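K.L.:
Below are the structure tokens for one structure; questions will follow.
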Amino acid sequence: MSAKRVLASAPAKIILFGEHSVVYGKPAIAAAIDLRTYVRAEFNDTGAIKIEAHDIRTPGLIVSFTEDSIYFESDYGKAAEVLGYVREAIELVKEEADVNGRGITVSITSQIPVGAGLGSSAAVAVATIGAVSRLLGLELSNEEVGKLGHKVELLVQGASSGIDPTVSAIGGFIHYKGGKFGHLPFMELPIVVGYTGSSGSTKELVAMVRRNYEEMPEIFEPILNSMGRLVDKAKDVITSDLDRELKFQTLGKLMNINHGLLDALGVSTKKLSELVYAARTAGALGAKITGAGGGGCMYALAPGKQSEVATAITIAGGTPMVTRISREGLRIEEVEV
Ligand SMILES: Nc1ncnc2c1ncn2[C@@H]1O[C@H](COP(=O)(O)OP(=O)(O)O)[C@@H](O)[C@H]1O
Ligand SMILES: C[C@@](O)(CCOP(=O)(O)O)CC(=O)O
Ligand SMILES: [Mg+2]
């Protein structure tokens with residue numbers, strides 16, 4: 001049954017191990033975290049799709065002032081591009097249901113920094129698909145929403161492994177490889193996320209790695225293979241019966257190796273590496289980029305040292321975020337019928 005108004009939310013994620021190599025079919029491990037994007041969907045009488053994106057800065061904004069007036073113009077191409085994930089998400093759901101000529105208004109508010117490696121693109125796609133599909137009376141499982149979210153990322157970015165929309169839709173702690181995924185045993189992870197304050201575009205970074213790979217496959221192939229192997233090792237450690245401290249020590253070492261390999265791929269920046277080294281010096285067992293890189297965030301594994309690591313990240317010029325793993329993925333918050 002269709003509804004009058006629906007509010008849905010979907011979480012951000014961190015990639016614990018295996019970003020970029022996951023695009024080449026290698027395994028990766030990710031966890032949903034407790035920052036969310038909220039999407040409200042309702043019908044309107046205009047017949048149009050209306051998107052209110054409250055947290056997106058409008059690129060290409062031109063403002064003309066006179067003494068008694070103010071006139072705004074926008075570079076519509078750039079503005080349309082930035083809303084690509086939301087538009088494609090709505091279009092995909094509309095293909096599955098009968099809208100009967102009705103318009104849909106989608107209003108977005110988000111706690112997730114954009115272009116920061118925390119999966120804001122996947123969260124906005126998943127929450128939009130969740131809200132609009134429920135509005136139109138479609139009964140989609142969270143896994144199905146994750147699959148549609150992957151389609152959205154493929155349409156907008158040209159390439160996507162699908163790990164981000166999957167973990168945002170189903171929540172928790174997951175192992176992912178070539179579209180197949182499963183939950184790993186839930187673990188509280190004493191992590192600190194450090195935000196550089198700058199952003200990177202996943203579309204551009206994934207394309208850059210692809211160009212480098214095509215130019216020098218004999219160099220890039222072994223790096224990607226090593227990333228895959230270290231994820232296998234991390235999975236063995238996580239699912240083993242070792243005690244927590246020993247698990248964290250090995251996972252920390254693997255994070256540091258993964259960061260070095262991501263640097264070799266060319267996706268780190270001076271600021272990201274400064275935050276990574278600051279965290280390690282303050283006692284983190286491991287620290288690495290999370291997500292596409294080129295700016296954005298790193299995360300550190302710091303049992304018993306979270307506040308020291310957060311302080312070190314601040315001193316190094318970053319913004320620390322102490323966050324927890326979210327067991328819940330896509331959530332339908334309210335339905336008005
Ligand atoms: N709150 C939001 N509203 C609308 N679009 C969003 C929002 N958050 C993210 N996006 C879309 O996702 C893009 C960023 O995605 P991406 O480059 O994959 O970085 P990340 O997923 O790491 O944040 C933004 O440029 C925008 O198109
Ligand atoms: C680089 C990549 O592995 C993760 C990108 O994550 P984010 O968009 O930077 O949050 C791309 C992908 O898996 O599709
Ligand atoms: Mg993204």
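Cβ atoms are placed via backbone N, Cα and C, with glycine included.
All annotation found in TrEMBL is predicted automatically rather than curated by experts.
The feature active site, proton acceptor is assigned by TrEMBL to ASP164. Look at TrEMBL and you will find PRO113, VAL114, GLY115, ALA116, GLY117, LEU118, GLY119, SER120, SER121, ALA122, ALA123 tagged as ATP binding site. Positions annotated as domain 'GHMP kinase N-terminal' by TrEMBL: 85-172. For 248-313, the entry in TrEMBL reads domain 'GHMP kinase C-terminal'.
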K.L.:
Give, as a single whole number between 0 and 100, the mean pLDDT over the domain 'GHMP kinase C-terminal' (248-313).
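P.N.:
Reported value for the domain 'GHMP kinase C-terminal' (248-313) is a mean pLDDT of 98.
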K.L.:
Checking the recorded positions PRO113, GLY115, GLY117, GLY119, ALA123, ASP164: which ones have Cβ within under 6 Å of ligand 2?
P.N.:
GLY117, GLY119, ASP164
K.L.:
Looking at Cβ-Cβ distances, which residues of the chain lie under 8 angstroms from ALA123 (ATP binding site) while being 6 or more apart from it?
P.N.:
ALA10, PRO11, ALA12, LYS13, ARG36, THR37, SER110, ILE112, SER168
K.L.:
Measure from each Cβ of the binding-site residues GLY115, GLY117, SER121 to the atoms of ligand 3 and list the residues where some distance is under 6 Å.
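P.N.:
The ones that qualify, in sequence order, are SER121.
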K.L.:
Which of the three DSSP states, helix, strand or coil, fits SER121 (ATP binding site)?
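P.N.:
It is helical.
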K.L.:
Can you tell me which binding-site residues out of PRO113, GLY115, SER121 are within 10 A of ASP164 (active site, proton acceptor) by Cα, answering none if there aren't any?
P.N.:
SER121
K.L.:
With an 8 Å cut-off on Cβ distance to the PRO113, VAL114, GLY115, ALA116, GLY117, LEU118, GLY119, SER120, SER121, ALA122, ALA123 Cβ center, who else from the chain surrounds the ATP site?
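P.N.:
Near the ATP site, the remaining chain residues are ALA12, ILE112, GLY291, GLY296.
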K.L.:
Please report the three-state DSSP label of GLY115 (ATP binding site).
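P.N.:
For GLY115 (ATP binding site) - judged by DSSP and reduced to three states - the answer is coil.
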K.L.:
Among all the protein chains here, how many other CB atoms are within 10 A of the CB of GLY119 (ATP binding site)?
P.N.:
32
K.L.:
For the domain 'GHMP kinase C-terminal' (248-313), what are the DSSP-based totals of helix, strand and coil residues?
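P.N.:
Across the domain 'GHMP kinase C-terminal' (248-313), DSSP assigns the residues as follows: 38 helix, 10 strand, 18 coil.
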